[in-house]
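Taken verbatim from Swiss-Prot:
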TOPO_DOM  20-590  topological domain 'Extracellular'
CARBOHYD  Asn23  N-linked glycosylation site
DOMAIN    29-95  domain 'Sushi 1'
CARBOHYD  Asn83  N-linked glycosylation site
DOMAIN    97-158  domain 'Sushi 2'
BINDING   Ser246, Ser269, His286, Tyr366, Glu465  4-aminobutanoate binding site
CARBOHYD  Asn408  N-linked glycosylation site
CARBOHYD  Asn439  N-linked glycosylation site
CARBOHYD  Asn481  N-linked glycosylation site
CARBOHYD  Asn501  N-linked glycosylation site
CARBOHYD  Asn513  N-linked glycosylation site
TRANSMEM  591-611  transmembrane segment
TRANSMEM  631-651  transmembrane segment
TOPO_DOM  652-666  topological domain 'Extracellular'
TRANSMEM  667-687  transmembrane segment
TRANSMEM  710-730  transmembrane segment
TOPO_DOM  731-767  topological domain 'Extracellular'
TRANSMEM  768-788  transmembrane segment
TRANSMEM  804-824  transmembrane segment
TOPO_DOM  825-832  topological domain 'Extracellular'
TRANSMEM  833-853  transmembrane segment
REGION    866-891  region 'Disordered'
COMPBIAS  866-879  compositional bias 'Polar residues'
COILED    870-924  coiled coil
REGION    887-915  region 'Interaction with ATF4'
REGION    908-960  region 'Disordered'
Amino acid sequence: MLLLLLVPLFLRPLGAGGAQTPNATSEGCQIIHPPWEGGIRYRGLTRDQVKAINFLPVDYEIEYVCRGEREVVGPKVRKCLANGSWTDMDTPSRCVRICSKSYLTLENGKVFLTGGDLPALDGARVEFRCDPDFHLVGSSRSVCSQGQWSTPKPHCQVNRTPHSERRAVYIGALFPMSGGWPGGQACQPAVEMALEDVNSRRDILPDYELKLIHHDSKCDPGQATKYLYELLYNDPIKIILMPGCSSVSTLVAEAARMWNLIVLSYGSSSPALSNRQRFPTFFRTHPSATLHNPTRVKLFEKWGWKKIATIQQTTEVFTSTLDDLEERVKEAGIEITFRQSFFSDPAVPVKNLKRQDARIIVGLFYETEARKVFCEVYKERLFGKKYVWFLIGWYADNWFKTYDPSINCTVEEMTEAVEGHITTEIVMLNPANTRSISNMTSQEFVEKLTKRLKRHPEETGGFQEAPLAYDAIWALALALNKTSGGGGRSGVRLEDFNYNNQTITDQIYRAMNSSSFEGVSGHVVFDASGSRMAWTLIEQLQGGSYKKIGYYDSTKDDLSWSKTDKWIGGSPPADQTLVIKTFRFLSQKLFISVSVLSSLGIVLAVVCLSFNIYNSHVRYIQNSQPNLNNLTAVGCSLALAAVFPLGLDGYHIGRSQFPFVCQARLWLLGLGFSLGYGSMFTKIWWVHTVFTKKEEKKEWRKTLEPWKLYATVGLLVGMDVLTLAIWQIVDPLHRTIETFAKEEPKEDIDVSILPQLEHCSSKKMNTWLGIFYGYKGLLLLLGIFLAYETKSVSTEKINDHRAVGMAIYNVAVLCLITAPVTMILSSQQDAAFAFASLAIVFSSYITLVVLFVPKMRRLITRGEWQSETQDTMKTGSSTNNNEEEKSRLLEKENRELEKIIAEKEERVSELRHQLQSRQQLRSRRHPPTPPDPSGGLPRGPSEPPDRLSCDGSRVHLLYK
């Protein structure tokens, strides 16, 4: 809008050099140039808009601004007047350099400014004066010239007692110069530096001098116990104890309360030392190892990891650290899925991590054990784009390249295994180049300490922890200064301290607890458990070297991220294998093929049913109980129809439709079996019941009433309907999921396939199947038995019972085989469906073909299409087809018997001829004797009968 107001103004070029005094014009005020090293802030206009105009409207205001450490001298704001001029044009505006404003204040003193006004400009003079009991250290005057004060800023220092009159306060320290952690090699010189700096200050403990009494603990609790006894029971009295490593600090801190001593450690990281009930007077400038845990949890949340695994060396420091981590991740909604530990050999735990598919792994162990772990990691291939390892950051930078005879991995293999891992390390040296309370920067401290050491820092134990030891002395000095009333405040006499004086101990404790200052290691402050709060450095091993990727301040929950993290796979991996659930569906080719067969079977059943109904007046059909055959055809149709829902799964239907499909399977198959097999079973049952009676009960054969057959079928169907109804109401079928073992995909992707299969099931499925299979199996076995028993029965009432028996054989065999096989193959959807559906199809086909095709063939080939009335009118005889068949069979049997009789007669004639020939031959050899008057000579008792004699009764035996 303002630009629209300026459009009518003429665009006119400025004069040479940009005149400061614009010409009067009714159009507004001409744009003026800013002062040197300065600029003009145009309110409401952009830079492009300012370039497009030369005049500004009346009442428009501009503001001068200066660059760098400069201030505007003269009018800072000018306003366009109605006469076309700017306000206060007679006074120029300049940007001049100012001197540091810190010289305008003095702690414990006053500053007097002359020759200028605030802020301090060129020519300004300041004079410094200290308060009573303080004296000025430095020049009392300074002049501002071209932005610089002529002298360094002085400070006010408390008037101290002369050095010879200062009272000594003793510190008992234990430095581990050797052993598991030789941190005393660098920490002792750092403590000595701090004592020199503190004792040289007049504003801290002006009446006292801190002195050190120390021993080498060798990081051994036993050795430390000896020196602790010497410190406590030998003069002079020590006002505080300073142990180093965690094992020694645990011993000292637990015993110190008995002597009312404060314990201040510079190198202990064990989380167990944070227990205030066990260690009530313990403080440490070395942060607890649990300080890594908030950083780890923050990184887990940053990368969206919800499941992690851990592996630790079995020591107290790592066990307590892991316990703390477990509590923190639980609060953050993260789960530790697998936890492993080892004492010396990590081979088995690493294998377990691999077997459990651990992806995000936190490792807590010392440097030597770290090499063993990652040698096993390489062997198990537990590294790469799928895995992230979190390690402790205080290892040496080349720890994985160090020769170690206890492992059998090369440097190249170790380098490959550790690539990409994350480390968290406590910030022990202030990364900012700011001055600490000792007036030294962190870099100046490192340079000064390096000159003091007798060997290279990388070869000196505890060099990283040296800033913590230096700041520990400063924390102690400030606490004692506050307790003693240093700086003009009232306090207690430190020289009155003894091991029974709890009052002084309590005051020192409160002073230590409220410590807050800037040290060379950063901001020093203690939490409620006496542990140092500090920043955490986050690094990642990239290309064989560690790169800083961020810092984390747990006190403020502030994560400073440099976005320099690199991942082997291009992005952070998942915390677990991504499981893709896939359903196993029935083969559509198999389903379509069986469906076609089932459809053709239904068509065949309809044809057979139609044929049977159409020819129900034919006597031959009537004698086969056509209504039962009709029920068989209907039952086969229902069973064949069950094939369709049997093959439907999630590929075709939704989850909500699945229960209906399950019920359709059950009812169609159940009713189909009851009608189809039940009608055949009824036939064979009544044939066996009626036509296998003894002779005295032949009257039963004449009284086979059809309603009894229908009642039997109805009973079987009713039992199924009742059972199915109870099943559906009490325990209905529903969709259940069967889950299989995970499968690896063919592609190289970080996913796992979880196959699943849908089933129709209920809570007590086995019970219901037991009931069904129990009585259905009995029916099948009984049907086989009855079919076998009636195979030789011939009856006019049910003329197709032999075909029924054959159908029962086939149905029973298929059912008895298929039922257990499908239960075994239930997890293989194609095989189970193929067995079940093909058994239904084949049994239905066989039943229909065996029962109906012979009838069709007989009626077609013999032309027996007449009804019983028509047949009687045509022949005039009541002989039925069954009697004709019997007559034909009897005639055939008669012919066969006549043939046998002829053969026998021919044989008899032959034997008679042979007998006569022998009699004639014998009469020639023995002439005839006179006849006995009695009619013949008597034979002796032993004389055999004559072979030529022939008894008529014997001849008749030949015809039998």
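Cβ atoms here come from the backbone N, Cα and C positions, even for glycine.
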Rounded to a whole number, how many Å is the Cα of Asn501 (N-linked glycosylation site) away from the Cα of Asn481 (N-linked glycosylation site)?
-> 18
If we take the residues Ser246, Ser269, His286, Tyr366, Glu465 that the record assigns to 4-aminobutanoate, their largest CA-CA distance in Å comes out at 17
Cβ neighbours within the same chain of Ser246 (4-aminobutanoate binding site) - under 8 Å, at least six residues apart = Gly267, Ser268, Ser269, Ser270, Ala272, Leu273, Glu316, Val317
Beyond the flanks of the topological domain 'Extracellular' (652-666) by at least 6 residues, Cβ under 8 Å | 642, 645-646, 724, 727-728, 732-735, 758, 760
Residue pair Tyr366 (4-aminobutanoate binding site), Asn83 (N-linked glycosylation site) - Cα distance, angstrom, rounded = 83
Sorted by position, what residues of the same chain at least six away from Asn408 (N-linked glycosylation site) have a C-beta under 8 A from it?
-> Cys375
Going by C-alpha distance, which of the recorded positions Asn83, His286, Glu465, Asn513 is nearest to Asn481 (N-linked glycosylation site)?
-> Asn513
Roughly how many angstrom lie between the C-alpha atoms of His286 (4-aminobutanoate binding site) and Asn83 (N-linked glycosylation site)?
-> 72
Lowest local Cβ density among Ser269, Asn501, which the record lists as recorded positions, within 10 Å | Asn501
Within 10 Å of the Cβ of His286 (4-aminobutanoate binding site), how many other Cβ atoms are there?
-> 28
Sequence-remote partners of the transmembrane segment (710-730) [C-beta within less than 8 Å, at least six residues beyond its ends] = 627-628, 631, 663, 666-667, 670-671, 673-675, 678-679, 681-682, 685-686, 762, 768, 771-772, 775, 779
What is the total of other Cβ atoms whose distance to the Cβ of Asn513 (N-linked glycosylation site) is within 10 Å?
-> 14
